[in-house]
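**Student:** Below you will find the structure I want to go over with you.
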Amino acid sequence: MPAAIVHSADPSSTSILVEVEGMKCAGCVAAVERRLQQTAGVEAVSVNLITRLAKVDYDAALIEDPTVLTTEITGLGFRAQLRQDDNPLTLPIAEIPPLQQQRLQLAIAAFLLIVSSWGHLGHWLDHPLPGTDQLWFHALLATWALLGPGRSILQAGWQGLRCGAPNMNSLVLLGTGSAYLASLVALLWPQLGWVCFFDEPVMLLGFILLGRTLEEQARFRSQAALQNLLALQPETTQLLTAPSSIAPQDLLEAPAQIWPVAQLRAGDYVQVLPGDRIPVDGCIVAGQSTLDTAMLTGEPLPQPCQVGDRVCAGTLNLSHRLVIRAEQTGSQTRLAAIVRCVAEAQQRKAPVQRFADAIAGRFVYGVCAIAALTFGFWATLGSRWWPQVLQQPLPGLLIHAPHHGMEMAHPHSHSPLLLALTLAISVLVVACPCALGLATPTAILVATGLAAEQGILVRGGDVLEQLARIKHFVFDKTGTLTQGQFELIEIQPLADVDPDRLLQWAAALEADSRHPLATALQTAAQAANLAPIAASDRQQVPGLGVSGTCDGRSLRLGNPTWVQVATAKLPTGSAAATSIWLADDQQLLACFWLQDQPRPEAAEVVQALRSRGATVQILSGDRQTTAVALAQQLGLESETVVAEVLPEDKAAAIAALQSQGDAVAMIGDGINDAPALATAAVGISLAAGSDIAQDSAGLLLSRDRLDSVLVAWNLSQMGLRTIRQNLTWALGYNVVMLPLAAGAFLPAYGLALTPAIAGACMAVSSLAVVSNSLLLRYWFRRSLNHSVSV
């Protein structure tokens, strides 16, 4: 199966996804990115710790075989393979180690911890089990813990050290290995007078495995939205094998066979029973029913459908059997596009993550340096300057007396080396680059998933962060603030031509156009039962109009300046109506007056934005009087309107606003909005808009409702706040815990950490970041119920 390769506009530039297994912290991410960026031909790299994916842009002329990328990653000690499928509906959400295996390792570690602790408890209760109070027994338990449940962690840590890319696992290896080796030396050479603490590796690995198991479960829950989307795609369907030989009226009862959805092709006929989900985008050829389309449109009520209606994959058939002719299947369906958009959004990094990446890239080296300095200081100067610390057992530290096999709270008065080693180990294991690495991607993962549930498709974490900072919203008028469903209210002939013929010419010029004004003219011609006529040499100029030839006449249809009748005396109409002018080479022929209505939610959305301190403007190609009339209906001042603007001027207007220091969000739907959408800091397109507008936007509102703008803005601000909370926690944790573990508070307050307690703190730190990101779901849903609905 070919790898999932996407070619860009540049024929030599290619993007590919690489699945990377074994990354545990931001240090791992930094190591993979650094190694790939050093590979000749690689142009850009983005690695996501949560999804375990690396997106690599490379020059295909320099890298003919992309497997060299996986070889580079494997050289760091990680498992890597090219993603083998580009259909987002058939892909796993993330390469997460099987929880069943992880739980088994945790269970073994917990058993070893209980047995180890039982030896101590039995001694305290004067009922020790035979042998459990002996050093060799605890040495055996520690060995089992290292070679059993802790083996994968230690192997990954060693690979990182060996390849010059130390990571979180490397810190655990150094910490547990140091404790184990020191205890082993004390056991084998008791004459040295060292003490043993074999329990520390057992307790440390137990806490780390517990934290990672809980963390993986939390990560899995953080992808709930993507899981829900994937669940909408059925695995099998009922395929009609010979539909061409079946009469249309018999299709509903025709025999069908179970068929994998992944093998469906355009043109196939499928039967969809009540209670089944539709597997393809297509057209109903037999039957009528009701559909649950809430997944795509947000409409809570069932929608009726009949022959000729188009349906989308993932929608639920509620009442009667349907036969559907497939038009788009697999990765071409609208559902697949939504899943792909969400997955790509979760892969793209937010700018705020660069800060965490800059720290995490060298974090492990810094921790190792601090641990070495801690050991050297307390083994020499520290114990001399503050000898009283040698009389204080570290809280929670249980040490074995080497000569008697008995446990005791052992003072450190004769062993500065033991104190130094214990504190150095604590430094190694308390440090948490995982929290730094998880702070941003987990929040983005949850936020983009929540957005998808609300019908908001976000292109990436960078878009989400930028939207949170927006304070200036610019709306297109037609089809955005208005419903885009124009009605022809008057034809005003300005030459001796029959009005019906004028309408036929206008409809012919606008044939095949999706613009709302064009649709209104075509609808009016059909309603008048006017026969369609052909137009030749049609040429559309976005934002101005269309030209062509009808009945031998060279015609222009559009705004008055473009049809070159600016010097003519133009008739006036309703201030709220929109005019389209028709002219030939000689004269102005007609004026068509059309009227649109504001969206029902438009006024409330505009006022809600303004009440929260945002500036709202209207940017329209329509005439000034029409745009101002709409603004007044929405409660806006006429000064907020910029009208009669060409598409390129829209982009210039957005650029001018942003040059004043304002980050601007542009909301539009048409071809003429595409330049402005691309120029704005955040472009927002409605689902009913043109493909060009959607491609130019950073956000797509698939439910085609303006109140989704409010929802997206609110969610982006909550997401950015969660990211800042996570980063503050991750940085604050390390700033506080590293000095505590290094013994900075030991002389004055007698406070320090044992390695086991340090390991528990490290596990809790990562879990806290993931849990805080998951809380975003709760706070967001609560906000929907209280302040966002309009």
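Placed from the backbone N, Cα and C atoms, the Cβ positions cover glycine too.
Note that the coordinates shown come from a computational prediction; the quantities given were computed from them, not determined experimentally.
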**Student:** Are Gly160 and Phe780, as given in Swiss-Prot, on the same side of the membrane?
**Tutor:** yes
**Student:** Tell me the Cα distance separating Asp669 (Mg(2+) binding site) from Cys25 (Cu(+) binding site), rounded to the nearest angstrom.
**Tutor:** 41
**Student:** Averaging the per-residue pLDDT over the topological domain 'Extracellular' (128-136), what integer do you get?
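**Tutor:** Across the topological domain 'Extracellular' (128-136), the average pLDDT comes out at 65.
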**Student:** Can you tell me how many other Cβ atoms are located within 10 Å of the Cβ belonging to Asp673 (Mg(2+) binding site)?
**Tutor:** 33
**Student:** Any residues 6+ beyond the ends of the topological domain 'Cytoplasmic' (157-163) with a Cβ under 8 Å from its own?
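**Tutor:** Sequence-remote neighbours of the topological domain 'Cytoplasmic' (157-163) are 28, 31, 75-78, 169-174.
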**Student:** Out of these binding-site residues, Cys25, Cys28, which one has the fewest other C-beta atoms within 10 Å of its own C-beta?
**Tutor:** Cys25
**Student:** Calculate the distance in Å between the alpha carbons (Cα) of Asp476 (active site, 4-aspartylphosphate intermediate) and Asp673 (Mg(2+) binding site), and round it to a whole number.
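**Tutor:** For Asp476 (active site, 4-aspartylphosphate intermediate) versus Asp673 (Mg(2+) binding site), the Cα atoms are 7 Å apart.
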